[in-house]
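> Below are the features I grabbed from TrEMBL:
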- 1-22: region 'Disordered' (REGION)
- 1-18: compositional bias 'Basic and acidic residues' (COMPBIAS)
- 103-141: region 'Disordered' (REGION)
- 109-121: compositional bias 'Polar residues' (COMPBIAS)
- 132-141: compositional bias 'Basic and acidic residues' (COMPBIAS)
- 145-167: transmembrane segment (TRANSMEM)
- 293-354: domain 'GH29D-like beta-sandwich' (DOMAIN)
- 375-441: domain 'GH29D-like beta-sandwich' (DOMAIN)
Amino acid sequence: MRTINREDQMNNDDRFNSSDELDEEIAKSVEKLVDEETSVARAFVNRDAGSSVNTDIYTNNNHDIAGNPDNDVLGRTQMIPDIGKTQVIPDVTKTQIIPDIKDAAKYQSDGNTRNSRSTRNIPDRNTPPKPESPKHNDKKNNKTAIMLVSGIVGAAIIVFLIIALVINSNKKNSYEYNYSTGLSFYNAGNYSDALTYWEKASKDAQGRKNIELKLKMYECYIAAGKRDQAVDILKDVLSYDKYNQKALTSLAQYYVNQKDGTALTELLRKYKGTDGEKHLKEYEVSMPSASEASGKYDKVLELELKSENSYKIYYTTDGLAVTTKSTEYTQPVRIESGKTTVKAVAVDNIGTMSYELELKFDVDYKGPDAPAVTPVTGTYDAGTRIEITNIPDGASAYYTLDGKTPTRDSTLYTEAVSMPEGNTVFSAIIIDQYNMSSSVTKRNYNVGVSTKYTFDEAVDRLKVAMTARHDLNKDGTSADGGQAKFTYYKKTSIANVEMYITFYDIVKNGVTTRQTYYFGIDVATGKCYKVYDQNGTLIATEY
(Lines of atoms letter the chains of each structure in order from A and count residues from 1; the text may use other names and numbers.)
(Lines give C-alpha, C1' and ligand atoms only; values in the text may rest on other atoms or scores of the structure.)
Protein backbone atom coordinates (compact mmCIF):
# COMPACT_ATOMS: atom_id res chain seq x y z
CA MET A 1 0.00 0.00 0.00
CA ARG A 2 1.11 3.56 -0.65
CA THR A 3 1.78 5.97 2.20
CA ILE A 4 -0.04 9.29 2.27
CA ASN A 5 2.10 12.29 1.25
CA ARG A 6 0.81 15.34 3.09
CA GLU A 7 1.84 17.80 0.39
CA ASP A 8 0.24 15.71 -2.35
CA GLN A 9 -2.87 15.43 -0.25
CA MET A 10 -3.11 19.22 0.18
CA ASN A 11 -2.57 19.81 -3.54
CA ASN A 12 -5.30 17.32 -4.36
CA ASP A 13 -7.67 18.88 -1.85
CA ASP A 14 -6.99 22.38 -3.25
CA ARG A 15 -7.64 21.23 -6.77
CA PHE A 16 -10.91 19.53 -5.86
CA ASN A 17 -11.99 22.53 -3.74
CA SER A 18 -11.26 24.84 -6.71
CA SER A 19 -13.51 22.71 -8.84
CA ASP A 20 -16.32 23.06 -6.31
CA GLU A 21 -15.73 26.83 -6.04
CA LEU A 22 -15.94 27.11 -9.81
CA ASP A 23 -19.35 25.51 -9.70
CA GLU A 24 -20.50 27.96 -7.04
CA GLU A 25 -19.13 30.99 -8.94
CA ILE A 26 -20.86 29.92 -12.13
CA ALA A 27 -24.13 29.46 -10.26
CA LYS A 28 -23.83 32.89 -8.60
CA SER A 29 -22.98 34.56 -11.92
CA VAL A 30 -26.03 33.06 -13.55
CA GLU A 31 -28.24 34.19 -10.69
CA LYS A 32 -26.82 37.73 -10.76
CA LEU A 33 -27.20 38.08 -14.52
CA VAL A 34 -30.75 36.82 -14.36
CA ASP A 35 -31.60 39.43 -11.71
CA GLU A 36 -29.91 42.25 -13.62
CA GLU A 37 -31.45 41.42 -16.95
CA THR A 38 -34.84 41.00 -15.36
CA SER A 39 -34.58 44.45 -13.72
CA VAL A 40 -33.56 46.08 -17.00
CA ALA A 41 -36.38 44.44 -18.88
CA ARG A 42 -38.92 45.46 -16.27
CA ALA A 43 -37.69 49.05 -16.28
CA PHE A 44 -37.93 49.21 -20.03
CA VAL A 45 -41.46 47.86 -20.02
CA ASN A 46 -42.60 50.29 -17.33
CA ARG A 47 -41.10 53.30 -19.09
CA ASP A 48 -43.05 52.51 -22.25
CA ALA A 49 -46.18 51.96 -20.27
CA GLY A 50 -45.80 55.18 -18.26
CA SER A 51 -47.25 57.54 -20.89
CA SER A 52 -50.62 55.83 -20.91
CA VAL A 53 -51.00 55.25 -17.22
CA ASN A 54 -53.36 57.47 -15.18
CA THR A 55 -51.54 60.13 -13.21
CA ASP A 56 -53.04 58.69 -10.07
CA ILE A 57 -50.28 56.10 -10.24
CA TYR A 58 -47.66 58.69 -9.31
CA THR A 59 -49.43 60.54 -6.49
CA ASN A 60 -51.82 59.70 -3.78
CA ASN A 61 -52.06 63.14 -2.42
CA ASN A 62 -50.20 66.21 -3.55
CA HIS A 63 -49.02 67.16 -0.13
CA ASP A 64 -48.05 63.51 0.65
CA ILE A 65 -45.42 63.54 -2.06
CA ALA A 66 -44.46 67.07 -3.00
CA GLY A 67 -44.91 68.32 0.48
CA ASN A 68 -42.60 65.65 1.95
CA PRO A 69 -39.01 66.90 1.77
CA ASP A 70 -37.70 63.38 2.49
CA ASN A 71 -38.99 62.05 -0.80
CA ASP A 72 -35.97 62.88 -2.93
CA VAL A 73 -36.62 59.83 -5.03
CA LEU A 74 -40.19 58.88 -5.62
CA GLY A 75 -41.74 55.55 -6.27
CA ARG A 76 -38.99 53.21 -7.45
CA THR A 77 -41.57 50.50 -7.17
CA GLN A 78 -45.31 51.24 -7.19
CA MET A 79 -48.43 49.15 -7.46
CA ILE A 80 -50.26 49.76 -10.73
CA PRO A 81 -53.88 48.79 -10.37
CA ASP A 82 -54.47 48.61 -14.10
CA ILE A 83 -51.64 46.09 -14.58
CA GLY A 84 -51.97 44.26 -11.29
CA LYS A 85 -48.28 43.43 -10.68
CA THR A 86 -45.09 45.03 -9.49
CA GLN A 87 -43.28 47.13 -12.06
CA VAL A 88 -39.96 48.96 -12.02
CA ILE A 89 -39.96 52.59 -13.20
CA PRO A 90 -37.07 55.01 -13.59
CA ASP A 91 -36.08 57.27 -10.72
CA VAL A 92 -38.21 60.42 -10.65
CA THR A 93 -37.10 63.39 -8.53
CA LYS A 94 -39.18 66.12 -7.02
CA THR A 95 -38.04 68.66 -9.62
CA GLN A 96 -39.39 66.45 -12.35
CA ILE A 97 -42.80 66.43 -10.79
CA ILE A 98 -43.06 69.92 -9.18
CA PRO A 99 -40.24 72.35 -9.97
CA ASP A 100 -40.63 74.12 -6.73
CA ILE A 101 -43.16 75.38 -4.27
CA LYS A 102 -43.55 78.67 -6.09
CA ASP A 103 -44.57 77.00 -9.29
CA ALA A 104 -47.13 75.06 -7.37
CA ALA A 105 -48.60 78.27 -5.93
CA LYS A 106 -48.60 79.91 -9.32
CA TYR A 107 -50.48 77.04 -10.80
CA GLN A 108 -53.05 77.26 -8.10
CA SER A 109 -53.58 81.07 -8.47
CA ASP A 110 -53.99 80.89 -12.18
CA GLY A 111 -56.68 78.36 -11.80
CA ASN A 112 -54.68 75.94 -13.87
CA THR A 113 -54.60 73.37 -11.16
CA ARG A 114 -57.00 70.60 -11.83
CA ASN A 115 -56.72 69.10 -8.41
CA SER A 116 -54.28 68.75 -5.53
CA ARG A 117 -52.54 65.84 -7.29
CA SER A 118 -51.50 67.86 -10.41
CA THR A 119 -47.86 67.47 -11.45
CA ARG A 120 -45.71 68.95 -14.10
CA ASN A 121 -45.21 66.98 -17.27
CA ILE A 122 -48.13 64.74 -16.41
CA PRO A 123 -51.18 65.59 -18.50
CA ASP A 124 -54.63 65.82 -17.16
CA ARG A 125 -56.49 62.58 -17.34
CA ASN A 126 -59.24 64.21 -19.34
CA THR A 127 -56.84 65.78 -21.79
CA PRO A 128 -55.87 63.52 -24.66
CA PRO A 129 -52.11 63.06 -25.05
CA LYS A 130 -50.29 65.13 -27.56
CA PRO A 131 -48.82 63.33 -30.51
CA GLU A 132 -45.13 62.59 -30.05
CA SER A 133 -42.68 64.33 -32.28
CA PRO A 134 -40.61 62.36 -34.86
CA LYS A 135 -37.46 63.25 -32.93
CA HIS A 136 -38.92 61.80 -29.81
CA ASN A 137 -39.93 58.64 -31.66
CA ASP A 138 -36.39 58.17 -33.04
CA LYS A 139 -34.95 58.55 -29.61
CA LYS A 140 -37.40 56.03 -28.25
CA ASN A 141 -36.65 53.59 -31.06
CA ASN A 142 -32.91 53.89 -30.42
CA LYS A 143 -33.44 53.13 -26.78
CA THR A 144 -35.60 50.18 -27.72
CA ALA A 145 -32.89 48.82 -30.02
CA ILE A 146 -30.24 49.25 -27.36
CA MET A 147 -32.37 47.50 -24.80
CA LEU A 148 -33.13 44.69 -27.25
CA VAL A 149 -29.47 44.15 -28.05
CA SER A 150 -28.61 44.27 -24.35
CA GLY A 151 -31.30 41.70 -23.64
CA ILE A 152 -30.05 39.41 -26.38
CA VAL A 153 -26.44 39.68 -25.20
CA GLY A 154 -27.48 39.11 -21.59
CA ALA A 155 -29.58 36.15 -22.56
CA ALA A 156 -26.67 34.71 -24.54
CA ILE A 157 -24.39 35.11 -21.56
CA ILE A 158 -26.94 33.45 -19.33
CA VAL A 159 -27.34 30.56 -21.75
CA PHE A 160 -23.56 30.19 -22.01
CA LEU A 161 -23.15 30.14 -18.25
CA ILE A 162 -25.99 27.66 -17.82
CA ILE A 163 -24.45 25.42 -20.45
CA ALA A 164 -21.06 25.73 -18.75
CA LEU A 165 -22.65 24.83 -15.43
CA VAL A 166 -24.43 21.82 -16.93
CA ILE A 167 -21.27 20.69 -18.71
CA ASN A 168 -19.25 21.00 -15.53
CA SER A 169 -21.91 19.15 -13.57
CA ASN A 170 -22.03 16.40 -16.17
CA LYS A 171 -18.27 16.25 -16.15
CA LYS A 172 -18.25 15.71 -12.40
CA ASN A 173 -20.68 12.83 -12.83
CA SER A 174 -18.76 11.31 -15.72
CA TYR A 175 -16.73 8.11 -15.59
CA GLU A 176 -13.54 9.89 -16.65
CA TYR A 177 -13.84 12.49 -13.91
CA ASN A 178 -14.58 9.99 -11.13
CA TYR A 179 -11.90 7.60 -12.32
CA SER A 180 -9.15 10.21 -12.64
CA THR A 181 -10.09 11.88 -9.37
CA GLY A 182 -10.10 8.56 -7.55
CA LEU A 183 -6.75 7.69 -9.13
CA SER A 184 -5.25 10.90 -7.82
CA PHE A 185 -6.40 10.05 -4.32
CA TYR A 186 -5.13 6.49 -4.74
CA ASN A 187 -1.69 7.63 -5.84
CA ALA A 188 -1.59 9.94 -2.83
CA GLY A 189 -2.39 7.03 -0.52
CA ASN A 190 -5.86 8.34 0.37
CA TYR A 191 -7.76 5.10 -0.20
CA SER A 192 -10.97 6.14 1.53
CA ASP A 193 -11.53 9.16 -0.75
CA ALA A 194 -10.37 7.14 -3.75
CA LEU A 195 -13.19 4.69 -3.06
CA THR A 196 -15.72 7.54 -2.93
CA TYR A 197 -15.03 8.39 -6.57
CA TRP A 198 -14.24 4.90 -7.83
CA GLU A 199 -17.49 3.49 -6.50
CA LYS A 200 -19.26 6.03 -8.70
CA ALA A 201 -17.03 5.22 -11.65
CA SER A 202 -17.60 1.48 -11.25
CA LYS A 203 -21.34 1.96 -11.73
CA ASP A 204 -20.78 3.42 -15.18
CA ALA A 205 -21.03 1.08 -18.15
CA GLN A 206 -17.35 1.64 -18.85
CA GLY A 207 -16.41 1.23 -15.20
CA ARG A 208 -18.26 -2.05 -14.77
CA LYS A 209 -15.80 -3.72 -17.12
CA ASN A 210 -12.64 -1.95 -15.97
CA ILE A 211 -10.76 -4.82 -14.33
CA GLU A 212 -7.80 -2.66 -13.33
CA LEU A 213 -10.12 -0.22 -11.57
CA LYS A 214 -11.77 -2.96 -9.55
CA LEU A 215 -8.50 -4.56 -8.55
CA LYS A 216 -7.35 -1.20 -7.21
CA MET A 217 -10.66 -0.89 -5.40
CA TYR A 218 -9.92 -4.26 -3.78
CA GLU A 219 -6.67 -2.84 -2.39
CA CYS A 220 -8.55 0.18 -1.05
CA TYR A 221 -11.22 -1.98 0.58
CA ILE A 222 -8.56 -4.08 2.30
CA ALA A 223 -6.77 -0.94 3.51
CA ALA A 224 -10.08 0.43 4.79
CA GLY A 225 -10.91 -2.84 6.56
CA LYS A 226 -13.99 -3.42 4.39
CA ARG A 227 -13.46 -7.14 3.93
CA ASP A 228 -16.90 -8.08 2.63
CA GLN A 229 -16.70 -5.43 -0.09
CA ALA A 230 -13.18 -6.60 -0.91
CA VAL A 231 -14.37 -10.16 -1.55
CA ASP A 232 -17.39 -8.94 -3.51
CA ILE A 233 -15.25 -6.79 -5.82
CA LEU A 234 -12.93 -9.74 -6.58
CA LYS A 235 -15.90 -11.96 -7.36
CA ASP A 236 -17.24 -9.18 -9.58
CA VAL A 237 -13.94 -9.13 -11.48
CA LEU A 238 -14.14 -12.90 -11.95
CA SER A 239 -17.67 -12.54 -13.33
CA TYR A 240 -16.14 -10.58 -16.24
CA ASP A 241 -12.76 -12.30 -16.42
CA LYS A 242 -13.19 -15.69 -14.73
CA TYR A 243 -9.53 -16.71 -14.99
CA ASN A 244 -8.01 -13.37 -13.99
CA GLN A 245 -4.78 -14.30 -12.23
CA LYS A 246 -4.59 -11.36 -9.86
CA ALA A 247 -8.22 -11.71 -8.79
CA LEU A 248 -7.86 -15.45 -8.20
CA THR A 249 -4.62 -15.22 -6.25
CA SER A 250 -5.86 -12.22 -4.25
CA LEU A 251 -9.04 -14.07 -3.33
CA ALA A 252 -7.08 -17.20 -2.36
CA GLN A 253 -4.62 -15.20 -0.27
CA TYR A 254 -7.50 -13.38 1.42
CA TYR A 255 -8.94 -16.75 2.52
CA VAL A 256 -5.51 -17.81 3.80
CA ASN A 257 -5.17 -14.61 5.82
CA GLN A 258 -8.64 -15.16 7.25
CA LYS A 259 -7.77 -18.82 8.00
CA ASP A 260 -10.89 -19.82 6.08
CA GLY A 261 -9.85 -23.20 4.71
CA THR A 262 -13.41 -24.14 3.82
CA ALA A 263 -13.82 -21.16 1.47
CA LEU A 264 -10.37 -21.77 -0.03
CA THR A 265 -11.25 -25.42 -0.63
CA GLU A 266 -14.43 -24.39 -2.46
CA LEU A 267 -12.42 -21.98 -4.63
CA LEU A 268 -9.88 -24.70 -5.51
CA ARG A 269 -12.63 -27.19 -6.33
CA LYS A 270 -14.42 -24.63 -8.52
CA TYR A 271 -11.37 -24.04 -10.73
CA LYS A 272 -10.06 -27.61 -10.87
CA GLY A 273 -9.56 -28.66 -14.48
CA THR A 274 -9.89 -25.08 -15.81
CA ASP A 275 -7.42 -22.48 -17.03
CA GLY A 276 -7.61 -20.88 -13.60
CA GLU A 277 -6.25 -23.96 -11.81
CA LYS A 278 -2.64 -23.08 -12.66
CA HIS A 279 -2.98 -19.75 -10.82
CA LEU A 280 -3.99 -21.53 -7.61
CA LYS A 281 -1.34 -24.28 -7.50
CA GLU A 282 0.57 -22.72 -4.62
CA TYR A 283 -2.55 -22.81 -2.45
CA GLU A 284 -3.28 -26.51 -3.00
CA VAL A 285 -2.67 -29.11 -0.29
CA SER A 286 -0.97 -32.23 -1.65
CA MET A 287 -2.96 -35.44 -1.69
CA PRO A 288 -1.95 -38.20 0.76
CA SER A 289 0.42 -40.91 -0.47
CA ALA A 290 -0.32 -44.64 -0.07
CA SER A 291 1.84 -47.71 0.51
CA GLU A 292 -0.11 -49.72 -2.07
CA ALA A 293 -1.35 -48.85 -5.55
CA SER A 294 -4.71 -49.78 -7.00
CA GLY A 295 -4.88 -53.30 -8.41
CA LYS A 296 -5.54 -56.99 -7.78
CA TYR A 297 -3.94 -58.77 -4.84
CA ASP A 298 -3.89 -62.31 -3.48
CA LYS A 299 -3.24 -61.24 0.07
CA VAL A 300 -4.80 -59.06 2.69
CA LEU A 301 -3.34 -55.55 2.61
CA GLU A 302 -2.32 -53.20 5.39
CA LEU A 303 -2.65 -49.82 3.65
CA GLU A 304 -0.51 -47.02 5.05
CA LEU A 305 -1.28 -43.34 4.30
CA LYS A 306 1.03 -40.34 4.67
CA SER A 307 0.66 -36.57 4.17
CA GLU A 308 3.10 -33.69 3.82
CA ASN A 309 3.79 -31.65 6.96
CA SER A 310 1.98 -34.34 8.98
CA TYR A 311 -1.41 -32.88 8.06
CA LYS A 312 -4.46 -34.78 9.23
CA ILE A 313 -5.83 -37.46 6.90
CA TYR A 314 -9.45 -38.49 6.59
CA TYR A 315 -10.64 -41.49 4.57
CA THR A 316 -13.53 -43.73 3.59
CA THR A 317 -13.56 -47.36 2.41
CA ASP A 318 -17.06 -47.42 0.96
CA GLY A 319 -16.44 -45.16 -2.02
CA LEU A 320 -18.23 -42.15 -0.51
CA ALA A 321 -16.75 -38.65 -0.70
CA VAL A 322 -14.48 -37.70 2.18
CA THR A 323 -15.27 -34.91 4.65
CA THR A 324 -13.71 -33.88 7.93
CA LYS A 325 -16.42 -36.00 9.58
CA SER A 326 -15.06 -39.16 7.93
CA THR A 327 -12.70 -41.55 9.73
CA GLU A 328 -9.42 -39.94 10.75
CA TYR A 329 -6.38 -41.98 9.81
CA THR A 330 -4.38 -43.15 12.85
CA GLN A 331 -3.17 -46.65 11.84
CA PRO A 332 -2.87 -48.82 8.70
CA VAL A 333 -6.14 -49.60 6.97
CA ARG A 334 -6.79 -53.32 6.50
CA ILE A 335 -8.01 -54.29 3.03
CA GLU A 336 -9.49 -57.78 3.12
CA SER A 337 -10.85 -60.08 0.42
CA GLY A 338 -13.23 -58.49 -2.03
CA LYS A 339 -13.42 -55.16 -3.86
CA THR A 340 -12.69 -52.02 -1.87
CA THR A 341 -12.57 -48.34 -2.87
CA VAL A 342 -10.51 -46.13 -0.60
CA LYS A 343 -10.77 -42.33 -0.75
CA ALA A 344 -8.54 -40.08 1.32
CA VAL A 345 -7.75 -36.37 1.72
CA ALA A 346 -5.22 -34.34 3.67
CA VAL A 347 -6.35 -31.25 5.61
CA ASP A 348 -3.96 -28.45 6.55
CA ASN A 349 -3.92 -26.32 9.68
CA ILE A 350 -6.56 -23.82 8.47
CA GLY A 351 -8.89 -26.52 7.13
CA THR A 352 -7.92 -26.47 3.45
CA MET A 353 -8.67 -29.88 1.98
CA SER A 354 -6.58 -31.59 -0.69
CA TYR A 355 -8.04 -33.22 -3.75
CA GLU A 356 -9.16 -36.81 -3.13
CA LEU A 357 -6.82 -39.75 -3.45
CA GLU A 358 -8.83 -42.66 -4.83
CA LEU A 359 -7.61 -46.28 -4.78
CA LYS A 360 -9.43 -49.40 -5.93
CA PHE A 361 -8.42 -52.84 -4.66
CA ASP A 362 -9.55 -56.31 -5.72
CA VAL A 363 -8.28 -58.75 -3.12
CA ASP A 364 -8.68 -62.50 -3.55
CA TYR A 365 -7.29 -63.95 -0.33
CA LYS A 366 -8.63 -66.95 1.56
CA GLY A 367 -5.98 -67.25 4.24
CA PRO A 368 -2.49 -68.80 4.43
CA ASP A 369 -1.59 -72.04 2.74
CA ALA A 370 -1.73 -75.27 4.74
CA PRO A 371 1.53 -76.17 6.54
CA ALA A 372 4.10 -78.11 4.52
CA VAL A 373 5.20 -80.83 6.98
CA THR A 374 8.17 -83.17 6.50
CA PRO A 375 8.70 -86.06 6.53
CA VAL A 376 5.59 -87.60 5.03
CA THR A 377 3.55 -90.24 6.82
CA GLY A 378 5.55 -93.43 7.51
CA THR A 379 7.73 -95.53 9.87
CA TYR A 380 10.87 -93.90 11.14
CA ASP A 381 13.67 -94.44 13.61
CA ALA A 382 13.50 -92.85 17.01
CA GLY A 383 14.90 -89.31 17.01
CA THR A 384 13.68 -88.39 13.51
CA ARG A 385 12.69 -84.69 13.45
CA ILE A 386 9.39 -83.23 12.18
CA GLU A 387 9.61 -79.85 10.39
CA ILE A 388 7.17 -77.21 8.98
CA THR A 389 8.74 -75.43 5.98
CA ASN A 390 6.29 -72.74 4.70
CA ILE A 391 5.43 -70.37 7.53
CA PRO A 392 4.91 -66.86 5.96
CA ASP A 393 6.33 -63.71 7.50
CA GLY A 394 4.06 -62.48 10.24
CA ALA A 395 2.36 -65.86 10.62
CA SER A 396 2.73 -68.61 13.25
CA ALA A 397 2.28 -72.41 13.25
CA TYR A 398 0.68 -74.49 15.98
CA TYR A 399 0.67 -78.31 16.38
CA THR A 400 -0.56 -81.30 18.38
CA LEU A 401 0.81 -84.88 18.73
CA ASP A 402 -2.44 -86.60 19.70
CA GLY A 403 -4.37 -86.08 16.46
CA LYS A 404 -6.52 -83.19 17.75
CA THR A 405 -7.08 -80.11 15.52
CA PRO A 406 -4.67 -77.34 16.60
CA THR A 407 -5.81 -73.86 17.61
CA ARG A 408 -4.00 -70.69 18.72
CA ASP A 409 -3.94 -72.26 22.20
CA SER A 410 -2.01 -75.36 21.01
CA THR A 411 1.78 -75.79 21.13
CA LEU A 412 3.56 -73.02 19.20
CA TYR A 413 5.97 -74.35 16.63
CA THR A 414 9.39 -72.78 17.14
CA GLU A 415 11.76 -75.49 15.87
CA ALA A 416 11.79 -79.02 14.47
CA VAL A 417 10.02 -81.55 16.75
CA SER A 418 11.60 -84.94 17.66
CA MET A 419 9.44 -87.79 16.48
CA PRO A 420 8.28 -89.73 19.57
CA GLU A 421 8.45 -93.56 19.79
CA GLY A 422 5.34 -95.42 19.00
CA ASN A 423 2.42 -94.28 16.89
CA THR A 424 2.07 -90.49 16.60
CA VAL A 425 -0.44 -88.30 14.71
CA PHE A 426 1.19 -84.90 14.05
CA SER A 427 -1.35 -82.10 13.23
CA ALA A 428 -0.44 -78.47 12.34
CA ILE A 429 -2.04 -75.18 11.20
CA ILE A 430 -0.76 -71.70 10.25
CA ILE A 431 -2.44 -68.52 11.52
CA ASP A 432 -1.39 -65.30 9.76
CA GLN A 433 -1.15 -61.70 11.00
CA TYR A 434 -4.72 -61.07 9.89
CA ASN A 435 -5.91 -63.86 12.22
CA MET A 436 -6.85 -66.00 9.26
CA SER A 437 -6.18 -69.72 9.67
CA SER A 438 -5.00 -72.28 7.13
CA SER A 439 -6.39 -75.74 6.71
CA VAL A 440 -4.93 -78.57 8.87
CA THR A 441 -2.02 -80.75 7.75
CA LYS A 442 -1.73 -84.19 9.37
CA ARG A 443 1.05 -86.80 9.38
CA ASN A 444 0.98 -90.31 10.92
CA TYR A 445 4.34 -91.54 12.22
CA ASN A 446 5.27 -94.96 13.61
CA VAL A 447 8.53 -95.25 15.57
CA GLY A 448 9.69 -98.59 17.05
CA VAL A 449 10.38 -98.69 20.80
CA SER A 450 13.92 -99.67 21.76
CA THR A 451 14.44 -99.80 25.52
CA LYS A 452 17.66 -98.07 26.41
CA TYR A 453 17.33 -97.76 30.16
CA THR A 454 16.28 -100.30 32.77
CA PHE A 455 14.11 -99.17 35.66
CA ASP A 456 17.09 -98.91 38.03
CA GLU A 457 19.06 -96.99 35.43
CA ALA A 458 16.11 -94.74 34.96
CA VAL A 459 15.89 -94.14 38.74
CA ASP A 460 19.59 -93.28 38.83
CA ARG A 461 19.03 -90.66 36.13
CA LEU A 462 16.14 -89.33 38.17
CA LYS A 463 18.30 -89.00 41.30
CA VAL A 464 20.95 -87.11 39.35
CA ALA A 465 18.31 -84.72 38.07
CA MET A 466 16.84 -84.23 41.56
CA THR A 467 20.29 -83.57 43.07
CA ALA A 468 20.97 -80.98 40.38
CA ARG A 469 17.72 -79.23 41.36
CA HIS A 470 18.58 -79.53 45.10
CA ASP A 471 15.54 -81.68 45.75
CA LEU A 472 17.94 -84.43 46.99
CA ASN A 473 21.19 -84.26 48.86
CA LYS A 474 24.25 -85.96 47.48
CA ASP A 475 23.88 -88.76 50.09
CA GLY A 476 20.42 -89.56 48.74
CA THR A 477 18.46 -88.00 51.55
CA SER A 478 15.69 -85.52 50.98
CA ALA A 479 16.08 -81.84 51.62
CA ASP A 480 14.46 -82.21 55.08
CA GLY A 481 16.78 -85.08 56.06
CA GLY A 482 14.44 -87.97 55.27
CA GLN A 483 15.41 -90.97 53.18
CA ALA A 484 14.17 -90.86 49.57
CA LYS A 485 12.57 -94.04 48.29
CA PHE A 486 11.53 -94.81 44.66
CA THR A 487 9.13 -97.69 44.01
CA TYR A 488 8.23 -99.00 40.55
CA TYR A 489 4.61 -98.40 39.65
CA LYS A 490 4.29 -99.21 35.95
CA LYS A 491 5.51 -98.61 32.41
CA THR A 492 3.12 -96.62 30.21
CA SER A 493 2.87 -93.98 27.44
CA ILE A 494 1.91 -90.44 28.27
CA ALA A 495 1.56 -88.00 25.35
CA ASN A 496 3.19 -90.59 23.08
CA VAL A 497 6.21 -90.89 25.39
CA GLU A 498 6.84 -94.34 26.91
CA MET A 499 8.14 -94.02 30.44
CA TYR A 500 8.64 -95.73 33.76
CA ILE A 501 6.28 -94.51 36.47
CA THR A 502 7.61 -94.61 40.02
CA PHE A 503 6.21 -93.70 43.42
CA TYR A 504 8.18 -91.19 45.50
CA ASP A 505 8.24 -91.80 49.28
CA ILE A 506 10.06 -90.02 52.16
CA VAL A 507 11.02 -92.19 55.18
CA LYS A 508 11.83 -90.28 58.35
CA ASN A 509 11.95 -91.54 61.92
CA GLY A 510 10.43 -94.79 60.73
CA VAL A 511 7.49 -93.04 59.09
CA THR A 512 6.95 -93.36 55.32
CA THR A 513 5.22 -90.44 53.61
CA ARG A 514 4.11 -90.85 49.98
CA GLN A 515 4.17 -87.74 47.84
CA THR A 516 1.10 -86.65 45.88
CA TYR A 517 2.83 -86.98 42.54
CA TYR A 518 4.82 -89.55 40.64
CA PHE A 519 7.99 -89.39 38.65
CA GLY A 520 8.21 -90.58 35.07
CA ILE A 521 11.43 -91.46 33.21
CA ASP A 522 11.53 -91.73 29.40
CA VAL A 523 12.49 -95.32 28.67
CA ALA A 524 14.38 -94.35 25.53
CA THR A 525 16.03 -91.07 26.51
CA GLY A 526 16.08 -91.07 30.30
CA LYS A 527 14.27 -87.73 30.33
CA CYS A 528 12.47 -87.10 33.62
CA TYR A 529 8.90 -85.89 34.22
CA LYS A 530 6.61 -85.13 37.11
CA VAL A 531 3.41 -87.10 36.70
CA TYR A 532 0.00 -86.27 38.19
CA ASP A 533 -3.21 -88.25 38.34
CA GLN A 534 -5.97 -86.03 37.04
CA ASN A 535 -9.31 -87.77 37.36
CA GLY A 536 -7.77 -91.11 36.50
CA THR A 537 -5.63 -89.75 33.65
CA LEU A 538 -1.88 -89.39 34.04
CA ILE A 539 -0.53 -85.99 33.04
CA ALA A 540 3.23 -85.49 32.60
CA THR A 541 5.19 -82.25 32.82
CA GLU A 542 8.87 -82.01 32.11
CA TYR A 543 10.96 -82.04 35.29
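Glycine residues also receive a Cβ, built from the backbone N, Cα and C atoms like all the rest.
TrEMBL labels come from automatic prediction, so no person has curated them.
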> Per DSSP, what is the residue count of the domain 'GH29D-like beta-sandwich' (375-441) in each of helix, strand and coil?
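Counting residues per DSSP class in the domain 'GH29D-like beta-sandwich' (375-441), I get 0 helix, 29 strand, 38 coil.
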> Report the DSSP secondary-structure composition of the domain 'GH29D-like beta-sandwich' (293-354) as helix, strand and coil residue counts.
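For that range the per-state counts are 3 helix, 30 strand, 29 coil.
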> So what pLDDT does the domain 'GH29D-like beta-sandwich' (293-354) average out to?
96
